[in-house]
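**Q** Quick one: the structure is below, and I'll ask about it shortly.
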Amino acid sequence: MAEAALEAVRRALQEFPAAARDLNVPRVVPYLDEPPSPLCFYRDWVCPNRPCIIRNALQHWPALQKWSLSYLRATVGSTEVSVAVTPDGYADAVRGDRFVMPAERRLPISHVLDVLEGRAQHPGVLYVQKQCSNLPTELPQLLSDIESHVPWASESLGKMPDAVNFWLGDASAVTSLHKDHYENLYCVVSGEKHFLLHPPSDRPFIPYNLYTPATYQLTEEGTFRVVDEEAMEKVPWIPLDPLAPDLTQYPSYSQAQALHCTVRAGEMLYLPALWFHHVQQSHGCIAVNFWYDMEYDLKYSYFQLMDTLTRATGLD
């Protein structure tokens, strides 16, 4: 009896993503030719938890014309910022039986630009990606080139963003598959970003494990070693690389259906809360994103229930 009930729950979880795709999940990420009104944004995108790419949302930003590598060098070249340094471009990712975070260095922007342009060398891959509102805290000189928030989104969501983040890196810098509890407005100023997306309803097919947290340390010889963070609790993370999934180890992932999209200069991606995303970029891409805290409403509760059942039934 208990085994039959457990199997019924497994079957329901496995069938749920297809039902969600038929009812609400888009097959491709749609484009809007202009920013929506606050009402339309909430009604058509936030409430149904659907992504979209918005054109002509940044045209009034001076940054769109100004921000080049040479402009950054002239404007903020001497400014030191937090830089993630990894041997392979993967910060905050599973490596073996560890969840490994990047080494962090305080480096002048000019040095990062020198490395990007091939004028200097630095061990590993550099990525300006500090996700704690690093734009206003570390690069306030650039704030006049953008907006401090997205007015129509702030009105729609009834709040200001929790964080405004600045991103700069080369094509080797990759963000591993994960999800956030934020309504994310991701704005590409120069270059392009490549997103692989999964809706929250794909959770039964996406594996999670618990990993010992660790950090890369950069040695004086320019090599990397992995050092455990013994004071931290284990971290739940996705071990799978969606670009080259090991379907022998994670066969259920073959049933997930990813959406792929490219966000180009001048475009804004609305990435809804709880959507899984994996991100790559063009060399020297410059971007800004706004994190608005999600509403912890019924959608969040339903996702937590699905997540708990997925783990309890052993699907992941």
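Using N, Cα and C of the backbone, Cβ positions are placed for all residues, glycine too.
Found this in Swiss-Prot, in case it helps:
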| type | residues | note |
| --- | --- | --- |
| BINDING | HIS178, ASP180, HIS277 | Fe cation binding site |
| DOMAIN | 128-307 | domain 'JmjC' |
**Q** Please work out the mean pLDDT for the residues of the domain 'JmjC' (128-307).
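**A** When the pLDDT values over the domain 'JmjC' (128-307) are averaged, the result is 97.
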**Q** Which residues of the same chain, at least 6 positions away in sequence, have a Cβ lying under 8 Å from the Cβ of HIS178 (Fe cation binding site)?
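**A** Listed in sequence order, they are ASP92, TRP237, ILE238, PHE276, HIS277.
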**Q** Among the binding-site residues listed here (ASP180, HIS277), identify the one with the smallest other-Cβ count within 10 Å.
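**A** Looking at the binding-site residues ASP180, HIS277, the Cβ with the fewest others within 10 Å is that of ASP180.
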**Q** Quick one: which residues besides HIS178, ASP180, HIS277 have a Cβ within 8 Å of the Fe cation site's Cβ centroid, in sequence order?
**A** THR175, LEU177, LYS179, LEU271, TRP275, PHE276
**Q** Provide the three-state secondary structure of HIS178 (Fe cation binding site) computed with DSSP.
**A** strand
